[in-house]
Structure formats: C-alpha cells, structure tokens
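Single-structure report; data block below.
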Amino acid sequence: MTNEVKENTPLLNAIGLKKYYPVKKGLFAKPQQVKALDGVSFQLERGKTLAVVGESGCGKSTLGRLLTMIEEPTKGELYYKGHNFLENDSETKALRRKKIQIVFQNPYASLNPRKKIGSILEEPLIINTKLSAKERREKVLSMMEKVGLRAEFYDRYPHMFSGGQRQRIAIARGLMLDPDVVVADEPVSALDVSVRAQVLNLMMDLQDELGLSYVFISHDLSVVEHIADEVMVMYLGRCIEKGTTEQIFSNPQHPYTKALLSATPRLSPNLRRERIKLTGELPSPINPPKGCAFNPRCWKATEKCRENQPHLEQHTDGKLIACFHID
C-alpha cells in the first residue's frame, strides 16, 4: 500500500460492486443466481452523507455489508483514499476495520445481552489497539459522554436501557476506533417516533464534530431529506437515479423515484405531490424482467423499455439517471 493520496481523491470510491448468490433448486436443475447487487458505483466525500433508498429487496443493505466487508463482493472495486480496500493483506484488513464501521438497524439485537456496556465498547479497542486498561476505560467514558450516556451506565447491561439509549450505545461502539466512514443501516427505523429525531440530531452533531462521512441506508424519505447531502435510489440491485438531495426531492426524474416521493407525507399543501400508485410487486432477483427492471410496474414503459436496459447516464445538472423517458 502507498500513502500517497491525491488532493481530489474521494474518501470512498466504489466501482461496479456486484454481489451474486448462487441458488440451487434441484440436483439436475440449472444453477441460478440472485443478483442482490448488480454494478453499483458511487463516491463519498469527507464529512458528507450519501443516502441509499429503495424498497425492501433493492440491495441497499447488501451494499452496506459489502462496504464493511461483512461479505465480499462477487465483482467490483472499492477504494479508500485511493487504496484498494479489497486486498486481503493484514495491513489492509486492519485499516478496513478502523476506517469503516457499521451501525445496525435493531438496537435490541445488535448488543450482546450478557455483556456490560463498558465491555461492549471496550471490545474494539482490545482487538485493534494496544491501549492499556486505564486508557481504554477513559476512551470509552469519553465516547459515552459524546453520545449522551452518563458514566454510571458503564457497568449496566443492555436490557436496562430504552431503544434510543441502546442505539446511542451502538453508535458509540461504531465510533470507538475513530472511523472516517460509518454505514448506518436503517439506524432509526426500529425506534419510537419520539426518539428518532434525537438520534438523528446526535448523528449530525457527531458528523460535524468528528468529520464523519455516512452511508445512510433508509426507506424513510422524510428522514433522508433531513440528513443527506446526496441520494442514490436503488431498484432490484441497481442504481436508477442519483443526485443531490435538493435535485432528487425537488425534481425527481425516474418514474420509480417519483412514485417513492409521491408516497412521502409533506407538511405544506404547496409541496404535496399527486399520489402515484404502483401495481405489482418487486420482481424476483432470480428471474428479473427483460430490459428495464422497472418496466412491469412503470406507466411510461414502451417496447424499448421491455427490450433494452437503460444505462446510468449523467445529465446537464450532474444528476445520474437510468431511464429512456426523462422529462
């Protein structure tokens, strides 16, 4: 690995990431593949938030698992400050663990119920650093203060906390190694509405204080509008539209993006959109439709859409769109 980093090099650069899962239906059946992720590319700058949105099954959580190397991609490239993050040498593995962390969706399942909070937060330091016991405890207490947890919580168990407090613990654990990138996989969807805003505001404050970059995975577009700098809309394993938050919310172009936004409640009557009701379900990733994957549900679909797959193309405003019928 080289330490030379060009000034304009993005913090994280994903190129054509793919994840295919083999499926066997019988001894003599032809092998099939589930294309959970099929060629996703993006760049993430320091201190910015990229939101990844779409229906369940679109591949957004799979993307998060690939970025943190919980699973290895079938194909593609991933670079951190220009360094190949898919290499398996010990130096790259150690750097990966420190620089990219994840906060999972369910704070009730992501914390070990048999361990005290102090032990949960110390574990990354024990594995990845050479800090003394005193230094580890000091770092844990400092991080607990940052996320709004009192010092006396150090010796308590996860079941003693509310959902919002548990997610604060999960966020603290993700930040113990001072990462640059945090993958937040639906971090507030399992929480009560009353505490969602508190956790989101905490994440934004930590981003400002620590210079964090987020890959924010969500299906809640009202949350995305509040926190994201850029939005990537996914459908059946592919990116179909990507742009700044303002571009996506003020002028969506892909029919699927329009349908998603039409279902999002708006406070101002002037901002409300005509509701677009999609028919049918998300197609099977084992047997996706020919041409554009969205064509069976799209009111704009033509023969061209049913025969050809549109590629993601950049338009004059910088937005990326994969559709033959742009307004």
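Quick reminder: no glycine exception, Cβ is built from N, Cα and C everywhere.
Noted in Swiss-Prot for the protein shown:
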type	residues	note
BINDING	Gly54, Glu55, Ser56, Gly57, Cys58, Gly59, Lys60, Ser61	ATP binding site
DOMAIN	12-261	domain 'ABC transporter'
Report summary line: Averaging pLDDT over all residues of the domain 'ABC transporter' (12-261) gives 94
Requested in this report: Could you check what DSSP calls Lys60 (ATP binding site) once collapsed to helix, strand or coil?
Outcome: helix
Query raised in the report: Fewest other CB within 10 angstroms, which one of the binding-site residues Ser56, Ser61?
Result: Ser56
Report summary line: Residues sitting within 8 A of the centre of the Gly54, Glu55, Ser56, Gly57, Cys58, Gly59, Lys60, Ser61 CB atoms (ATP site), not counting those, run His219, Met234
Report summary line: Going by C-beta under 8 A and a gap of 6 or more residues, the same-chain neighbours of Glu55 (ATP binding site) are His219, Tyr235, Leu282
Query - Least Cβ-crowded entry, counting other Cβ within 10 Å, from the binding-site residues listed as Gly54, Gly57, Gly59 - result: Gly57
Query raised in the report: Do any residues at least six apart in sequence from Cys58 (ATP binding site), in the same chain, have a Cβ closer than 8 Å to its Cβ, and if so which, in order?
Result: Met234, Tyr235, Leu236, Gly237, Leu282
Report summary line: Same-chain residues at least 6 apart in sequence with Cβ under 8 Å of the Cβ of Lys60 (ATP binding site), in sequence order, are Val52, Val53, Gly54, Ile217, Met234
